[in-house]
Amino acid sequence: MASHIILPPDDDDEQQRREDEENDGGGSGGDGQQQQAGGNDAKAALPFSAMCVRISRDSYPNLRALRNASHASLTDAAYVKISEGDFGYVLDDVPHLADYLPDVPTYPNPLQDHPAYSTVKQYFVNEDDTVPQKVVVQKNSRRGVHFRRAGPRQRVNFESDEVKACIVSCGGLCPGLNTVIRELVCGLAHMYNVNNIFGIQNGYKGFYSSNYVAITPKTVNDIHKRGGTVLGTSRGGHDTKKIVDNIQDRGINQVYIIGGDGTQKGAYEIYKEIRKRGLKVAVAGVPKTIDNDIAIIDKSFGFDSAVEEAQRAINSAHVEACSAENGIGLVKLMGRYSGFIAMYATLASRDVDCCLIPESPFYMDGEGGLLQYVERRLKENKHMVIVVAEGAGQDIIAKSIPASDQQDASGNKLLLDIGLWLTHKIKDHFKSKKMEMTIKYIDPTYMIRAIPSNAADNVYCTLLAHSAIHGAMAGYSFTVGMVNGRHAYIPFYRVTSTRNKVKITDRMWARLLSSTNQPSFLSQKDIDEAREADRLANKPPLPSVANHNVAKAFDQSASTSSNGEI
């Protein structure tokens, strides 16, 4: 069946259409009825064999470029599954084996005969169950964007004996990696009686440069008590054709990929190549990022463990600062583009006097600058603690230190050390003031990354792994994540098109400013730009056929709607 994507008009075209409707009497009576009839005729003219999908411009900004995109870009539209329902309901669905293998067989889910699960009431997920992307609404709000709910299905597309699964972990280390690996192996073996499970060593390049290692529940029994990943990991090394060649040659039909947004982009490319070749292979991504910057999902696994360990570093910095005259404890935490670890660790500690993150600009010198605040704080309390995310202040450093455009193997720009730079700047400032002070710089990055996950993350990793298994057995390809407290299957492109960032216009950031008593360092221009960005991000999708009044009503509701509060 062909898939037709109906893109909405550009902003200028849409505005002109609305003005025309107002001039013609709001689209009611006379010419308005003729125009509406003409629109219905246009819809009827579409081929009956086509599946017509109308995409809201505001909900899917990465698809707006499809209007004038090249043919190569238009091929991605074949992997997008979007359908609409009543009252503004939009389902952003994930691809299924049946999309390109219409005769793929189905089988009863073996869980129905499992002694541990057969007694669970309503254990199987209804096929129509979906999870809303936003839950903070008003009485006139549209239902908005939804994702397919995760969980076991009554029918699956793989028999236990035919499953040959592989697991790979990519990117940097994160608490909980071993837990996810363990639960993928144990879940496949104990829930679905799968016997052929392999580990891919050292990231993506392991598909074609390392041996496949057979793993069983016995071999992974206690790995969750250790940090790191027993499979090894690496950055880069992604060669889609080589990877799929090896998947095809070895008869792999379920691929579980653990990694961040770059890794999930690679998973998406692997899925597209698999589909192009018509292979019966399901690809399941488990998103991993210690920075908690994966879009759509509530929280990344390992984040709670990282915040807990970061607190220990902050406590050490506080002890050092209190034990010296005019002592300063400076802690640098992870957060290349998003300052979630720094923000949450600061709020949890309550010993921090200043928190600096990439999302909130700051300046060093002059009235209201950081150096002036540090000086005032030392005069008041005789000590202070500063927490800074690694990606903060990069624009300031670049003005004094020539920045290079070097990148790591994952394509991330190599950052300058904001912690070390701040240390020297603060020392020089107080030296010029002839004021005694002591500063201790602590960088616990690799200590935090290498710890095993705590109890909360262990449970979360278990649920993510099991949800991934249920989806793959049912023939879906997706990234799994928790959305508003419910596990859901999310299209690959949705979690890789943007990053989750701290909203400095939300109450959570206001709570931090209140806790630390630090100045915001923001100009009115910074605040206005942040508010406008949030307003556009929270703008709900317009109905497929919306008159001017309806569109205006939704625009007004969008200006007061926010789903960023935690």
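Placed from the backbone N, Cα and C atoms, the Cβ positions cover glycine too.
Per TrEMBL, the stretch carrying the note region 'Disordered' among 112-146, 392-426, 497-531, 532-566 is 532-566. On its own chain, E390 (substrate binding site) has K332, L333, M334, G335, R336, L415, I418, G419, T445 as residues at least 6 apart in sequence with a Cβ closer than 8 Å to its own Cβ.
Every protein chain considered, the tally of other Cβ atoms within 10 Å of the Cβ of D291 (substrate binding site) stands at 29. Taking the C-alpha positions, the distance from T289 (substrate binding site) to G262 (site 'Important for substrate specificity') comes to 10 Å.
In this structure the residues listed as binding substrate are T289, I290, D291, M334, G335, R336, E390, Y446, M447, I448, R449; their two most distant Cα atoms lie 17 Å apart. Counting in whole angstrom, D291 (substrate binding site) lies 13 from G262 (site 'Important for substrate specificity') by their C-alpha atoms.
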